[in-house]
Amino acid sequence: MHPDLGPLWKLLYVLVILCSSVSSDLATYFISEPLSAVQKLGRPVVLHCSAKPVTARISWLHNGKRLDRNTEQIKIHRGTLTILSLNPSLSGCYQCVANNSVGAVVSGPATVSADALADFDSSTMHVITAEKKNTGFIGCRVPESNPKAEVRYKIRGKWLMYSTGNYIILPSGNLQILNVSSKDKGSYKCAAYNPVTSELKVEPAGRKLLVSRPSSDGFHILHPALSQALAVLPHSPVTLECVVSGVPASQVYWLKDGQDCLSGSNWRRLYSHLATASIDPADSGNYSCVVGNNSSGDVKHVTYTVNVLEHASISKGLHDQKVSLGATVRFTCEVHGNPAPNRTWFHNAQPIRPSSRHLTEGSVLKITGVIMEDSGLYQCMADNGIGFMQSTGRLQIEQDSGQRPVIVTAPANVEVTDGDFVTLSCNATGEPVPVIHWYGRHGLITSHPSQVLRSKSRKSHLFRPGDLDPEPVYLIMSQAGSSSLSIQAVTREHAGKYTCEAVNKHGSTQSEAFLTVVPFETNTKAEPVTPSEASQNDERDPRDGSESGLLNLFPVKVHSGGVELPAEKNASVPDAPNILSPPQTHMPDTYTLVWRTGRDGGMPINAYFVKYRKLDDGSGAVGSWHTVRVPGSESELHLTELEPSSLYEVLMVARSAVGEGQPAMLTFRTSKEKMASSKNTQASFPPVGIPKRPVTSEASNSNFGVVLTDSSRHSGVPEAPDRPTISMASETSVYVTWIPRANGGSPITAFKVEYKRMKSSDWLVAAEDIPPSKLSVEVRSLEPGSIYKFRVIVINHYGESFRSSASRPYQVAGFPNRFSNRPITGPHIAYTEAVSDTQIMLKWTYIPSSNNNTPIQGFYIYYRPTDSDNDSDYKRDVVEGSKQWHTIGHLQPETSYDIKMQCFNEGGESEFSNVMICETKVKRVPGASEYPMKELSTPPSSSGNGGNVGPATSPARSSDMLYLIVGCVLGVMVLILLVFIALCLWKSRQQSAIQKYDPPGYLYQGSEINGQMVEYTTLSGTARINGSVHGGFLSKGSLSNGCSHLHHKGPNGVNGILNGTINGGLYSAHTSSLTRTCVEFEHPHHLVNGGAVYTAVPQMDPLECINCRNCRNNNRCFTKTNSPLPVVPVVASYPQDGLEMKPLGVMKFPVCPVSTVPDGGQIPEECLKDSVAPAPTQRTCRQDNTSDINSDSTEDTAEFNRGDSSGHSEAEDKVFSWSPLILSPVLEDCSEKTAWSPPGPPLDGLSVVLQQAQET
């Protein structure tokens, strides 16, 4: 039977309660704190933190701000913080906070950073010479790396990982070669290896080592060339390097502060170097490497200044204290370190800021008038950059009866006119009765009891010479639980926030009120001082024995005579001038500042002071101020020597005898610099007095983010500020920064920021009532993955300004929902192009549906030289998920690269894409022309989501346009060539048809005379020429139509080769018309021996040859429309090789150029006479003008006899074919017909036959 365990369980329960109550009363302390980490982007990071007692709750801080458990990409579970995917926004300082009912403590900072390995400096290959059997030195400038890179060397294609043999890799990364030999010559390349990312980068150029014969040049210190200063951590290994050539290592000596440093120390010799395994702070000092012989005086040395750093430490820390309410507490924290550490105080894990009750004096924190809220845990943290230390102390406060203050009547917001009197009241209750304090924008407001109210005059404070910024005068009247703050003669400087704080030993409470000061619109006279006010003015505190206190509080303008002028007594400082100049100038280096005078305050304006400086709206940097003094009578100032396309800020104030007024502010932008060859004309200025209200649409605004307001409108409303710039504050918040412009003559009272989410048409207020001193505001609670635009509004007493131009779209990092699935399919690289000798541009496509529409966060672009076979040589660029193209920079000229991609999100990376190979361009020669490349831009995704990436819509490149132009030109040329070929073919076919149906002449097959043939052909024009033919077919004139027939006569010895010259026939330039005469060659012996005449005959016009159809020579006429008569080429259409022209006997063939003949067919008798005189009564064959050609024939004959060289050269190369033909001349008007002998008579009897024919 089991015993009853009821009482035992009750006892155990009571013990647990007691233990928990005891543990809850224990102060919290850390068992383990987070450690710094270096990790690759996109990889997870885990931080651990644990504290005692076990009831302590753990929370985390990032860069001093508390992390929410629902923060994207961060997972918090008890004392473990996990960064799921490291990105730049998550890098920084992390601290854990442990708290319980006693208080809270904060851990030391742990830095989380992304790995980094910079590139080697691009340099040319250096040639190094080392002497044989001596020491060689290869220098290496190791690039920056996080963490520190490991140095390796590639020697003649082989890797050297560690010091081996005669190769020593020094801690500085340099390489020392001992006992150099011929086999050591070759190429040496230094490499840096990042142990976190396993990334290896090799020096691009390297060194080339040449080995020479030993020489007697003496000894040299190769490294270091100059004295060095080292700062090292304590207890770390240190090597002081000294590479010497020309002497053995035994002749190298090391001295510390002039004494031998090897005896009795931890230092040892390592070849010619000095090394220690653990250095101590006592080892700090000057170390010298001495080489040479002191006796001979030939000594060389180099010095190291070693500074051993010390971690921060606390020699005297905090201890627990227990005090009563209202007491004063002091915590002491003495720190040491090298360099001197910074000391930071914390109360319950919150930094302590100095106040009236919390004061820091050296190593002491002093708290006066402690209250219950001051109880808890206090920490002193010392940090000097190489280490931190902390000490914790607990403050307990004894409780007694009482009540914390409660404000029952809070001060109200007040709006008053400039110069009026205002009073703010505040009442509070508590036990004990609380004390009430007032705070303004300058801190705690104090008031001496002697201060009294002044008259309610509407004027500003008058300044004495030398008083630049007098403190505003206030009057505080307080009693138990009640207080009032009075301000007389309110000015614009008094506007702002006022805080009422009620404090007793149990705590404090606060209430706020805003004071708004509006300008006084009308001129008023000085109000008289009433007797009561005068009596108040004469009141003095007995403790104040002089009037100096009042004079300091109410300074006045003191003149040389010592009497204040009445006009000055009622005058005030002038108002801000109204700037009329536009915010943009058409000139690149000058600007005309034009203004209008504001109210002068009752005194004339003596001068204007204009200050201007350049602003860099891209980086926020500003230039130095330039100040110009302008006489008060002027209203215009020309600013010169400005920079083109730059933004400038102008501040302008008016000064009178009373003082300087409120400043007017303006920002303007200069225009672009115009090139000398530009043909663009400058836009004309608009006519004065005809204002044009610009369109303030976001789409059409192109004024560099400036909204141009109407220059003729001077209602006092400020101008719209410049386009705001957006920068990331955290994952879900941004900083909106802007630059204000002219204030419209009235001070700016507030700013307002609006935002709009893309795909939404509503503008919402992000922040309002922003003080005018702030030009930046943080907008929180933005939705991850969304795209926003922002704009700014300026407010003064006259109202709101125009809205500024909307900012450029800003996409918040992350996604609305978490996606744990990583993408599988990567992007596809569609195009690569080398845009310069160091840049390659690539485009890609990504189809979300290939990964089930899983959104992606961005792309990884990997690239390495093609000749590399090591995956660690790949470099990586990270690109946003909305991009569709990227330009890889910092590449080597004329080098081929392998390029591949991945897409990634929070779940991981996708598979690799296709690999593209692209080679950079040849390095441009200095001085060669270089054409700017058009900027490629990809419009943001319309969805605002990095995963929904559509096809690229970037504009066409200039190279594509060049290809298009060349293709069009070639196409037009090919088209013209095809048309030309078609025309040639058509022309050829036309000529073939013409030659087929309209031959140049028809040959009649006559009788053979002793085996010889006589050729006849028609002729358009002939002349009486001794042995030559004149008026050939190649003359410039048009050949006359007709039926004229020419009978050729050939002398003995004429063969088939034309050895003579045809003058005036084939190539004659004469133009002639032939007469209708009977022409006969009666002097055949004048022809050149061995020559022959051949003349082409044009066709006859159909109208002239109607009657030729009855001619008995069977010649035919064909119709030819509107074209010159064809000519027969010199060479016959059908040449026959070996054809010989037989000589004929002397014959006379009378020719009668007629169209018709009688039926009898007989030739008239006059046509057969030896005389060649034409018959005047003869009927002609055509109605042409007749002309005597005897003179022409004479000239041509003479020309022929001279032997024209040109005609001769043409004819010599021609072989003429003579077709056998005998033409029977038919004469229209001849009554007789010549009887021809039948073929068959011998050649010798030819003359007899012809003679008989003549006799008949």
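Even glycines carry a Cβ here, placed using N, Cα and C.
Note on Swiss-Prot: of 61-86, 1049-1074, 1231-1256, the range annotated with the feature region 'Disordered' is 1231-1256. Swiss-Prot lists region 'Disordered' at one of the ranges 449-472, 929-952, namely 929-952. In Swiss-Prot, the annotation region 'Disordered' applies to 671-696, one of the ranges 333-358, 671-696. When the candidates CYS19, CYS49, CYS140 are compared with Swiss-Prot, only one is recorded as disulfide-bonded to CYS96, and it is CYS49. Nearest Cα neighbour of CYS289 (disulfide bond) among the listed disulfide-bonded residues (CYS49, CYS190, CYS380, CYS426): CYS190. Counting every protein chain shown, 24 other Cβ atoms lie within 10 Å of the Cβ of CYS49 (disulfide bond).
Secondary structure at CYS426 (disulfide bond), as computed by DSSP, is strand. Shown in sequence order, VAL151, TYR153, GLY173, ASN174, LEU175, CYS190, GLU203 are the residues of the chain, 6+ apart in sequence, with a C-beta less than 8 angstroms from the C-beta of CYS140 (disulfide bond). DSSP labels the residues of the domain 'Ig-like C2-type 4' (310-396) in these numbers: 3 helix, 53 strand, 31 coil. Long-range Cβ neighbours of CYS242 (disulfide bond) (same chain, at least 6 residues apart, Cβ-Cβ under 8 Å): ILE221, HIS223, PRO224, VAL252, TRP254, SER272, HIS273, LEU274, CYS289, VAL291, VAL302. Confidence in the topological domain 'Cytoplasmic' (985-1256), given as mean pLDDT, stands at 44. Cα of CYS333 (disulfide bond) to Cα of CYS96 (disulfide bond): a distance of 22 Å. For CYS380 (disulfide bond), the nearest neighbour among the disulfide-bonded residues CYS49, CYS96, CYS426, CYS500, judged by Cα separation, is CYS96.
Geometry remark: CYS96 (disulfide bond) versus CYS500 (disulfide bond), CA distance 35 Å.
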